[in-house]
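Listed in Swiss-Prot:
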type	residues	note
DOMAIN	8-282	domain 'tr-type G'
BINDING	17-24, 81-85, 135-138	GTP binding site
Amino acid sequence: MAREFSLEKTRNIGIMAHVDAGKTTTTERILYYTGKIHKIGETHEGASQMDWMEQEQERGITITSAATTAQWKDHRVNIIDTPGHVDFTIEVQRSLRVLDGAVTVLDAQSGVEPQTETVWRQATEYGVPRIVFANKMDKIGADFLYSVSTLHDRLQANAHPIQLPIGAEDDFEGIIDLVTMKAEIYTNDLGTDILIEDIPADYLDQAKEYREKLIEAVAETDEDLMMKYLEGEEITETELKAAIRKATINVEFFPVLAGSAFKNKGVQMMLDAVVDYLPSPLDIPPIKGVNPDTDEEEERPASDDEPFAALAFKIMTDPFVGRLTFFRVYSGILNSGSYVLNTSKGKRERIGRILQMHANSRQEIETVYAGDIAAAVGLKETTTGDSLTDEKAKVILESIEVPEPVIQLMVEPKSKADQDKMGIALQKLAEEDPTFRVETNVETGETVISGMGELHLDVLVDRMKREFKVEANVGAPQVSYRETFRQATQARGFFKRQSGGKGQFGDVWIEFTPNEEGKGFEFENAIVGGVVPREFVPAVEKGLIESMANGVLAGYPIVDVKAKLYDGSYHDVDSSETAFKIAASLALKEAAKTAKPVILEPMMLVTITVPEENLGDVMGHVTARRGRVDGMEAHGNSQIVRAFVPLAEMFGYATVLRSASQGRGTFMMVFDHYEDVPKSVQEEIIKKNAGEA
């Protein structure tokens, strides 16, 4: 089958936002107007097309990023609906990695909210062009220009309206297009009857003022346009559109639109903007990767004629077809039934069937082309972030960075029958979600699961019960502490055992130095002259990694440390890999005496919104929880407090805030960084873990 839509007419976009900004409803409306669904499902009724997991429909939030494809004005638009809750940031990150553009949905009453900042920052890291949709213009307190100001103040974004709303709240009745200088007036509830007319007289001055501001902002990114503007020449609609498109694709400018997805207003104009201003796969730089055979960097331009290269960005277990691997094709074409090479794992995989997904229904297709997003059935070894390529043209594409989990729970099966099922269930859930880890406590034999927050683990335990029919008892949440060294030191690890027969001999000198935060463990072999034979060096590294997993103070993993093996000795007969592994672990123990080890705790960026009269209570809460205030701002009758607070102090805070503010206060928290715990707290943690507390 030939390609249905050219690359120029393909858009891969994500829809991202803070929880409750109306993102899923916006996606629903897109599917409605592009003819993918015939009846609109409301998120708050639990009937939305994109939210297809039972927990999503119950909770009214999007947990997994469903991928769907739609058509608008002879373009194919592949949409990924991403979750807005902070516990599911990996879903957002995975999606951004494979998208070409995004629509950021704001609640027009609140403007930029904490999770908007998080997803915006992630999109900036990946260089994703964005348009902004100020949604919920029908809501009480909706203020379009306030929303635009929060983009400047909180995100320092060069964002400007390309539209203005006509009215707000119950009087929101249309939209002014600042590019065409026409008004769209909505005359029915479904937003299908639209009158295009001249701008109402009482809005004309404002429209002229904001068109001028728009031209000025865009001209700063385009020299030719700037010259015309400075010389007082008329800027045509075509020129302005082209300049907005170019500046948006270069991530120098962010167009802002207005609408109400729930009231069916502004969604079609937003779809027009997706087609007009967001990039096609041809507008973005070719994907880069490394050839595993030569270690040389290679590029894969978006073209069907190039060798096949794709990135797997999500694994999902489907109740009907089993394991689904979602992938983005960067170059080449792929037919069902063919073989590909998973270059990340060095394994050959057969593509069984290829499915084009629509929320949770599917259409089988024979071929996928460059720029497409699809799901494959039959891949056994592939996990999130793996590269799939033509066997004759290998390349490893840049993978997806996975954040470390910050919270853990103990789970135990209720019966022997549940025990076997629980192992399988946890393994499948961990395959789908790289931020979900499953470990067994070596000393107690307990199963410990870790993730990005309480809601994240709640949802996974819930899925274990529903999808895999596993009944389990769940312990109280625990903080995932870490350990690190604060001072450079050198230490010797010497292991010798000779008691008849073959002995054991390993001797190493290792220099340990603190590493930058987030860099993890780095090992360097600086042995000269073979004093530690080359074949034993990997055993030294392995010995360090294994013993660092259990720390030196309270059994938490040691992170952000460099280890340099620089001296040692060996025995011709008695030296072995095991002996050098043990010697390395002894060196680590020895180093702990002088390296000033400390315990690190996850610090959360907490954003608390309360009525003015509760501000004093909140400041007290932050101080009592070892937190520090980072900033405050007034918003209407509310105060917004931003603070860094240790995760350990935040359990149960929702109840405290609810009673202090009579249920009117809300808070959001997102992991920010790790920090040394105070000495007194460190001693308590060590005692508790030693079983003394």
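The backbone N, Cα and C atoms fix where each Cβ goes, and this holds for glycine too.
Restricting the average to the domain 'tr-type G' (8-282) gives a pLDDT of 81. Following the DSSP three-state reduction, the secondary structure of ALA17 (GTP binding site) is strand. Within 10 Å of the Cβ of MET137 (GTP binding site) there are 29 other Cβ atoms, across all protein chains. A coil conformation is recorded for MET137 (GTP binding site) in the three-state DSSP classification, outside any helix or strand.
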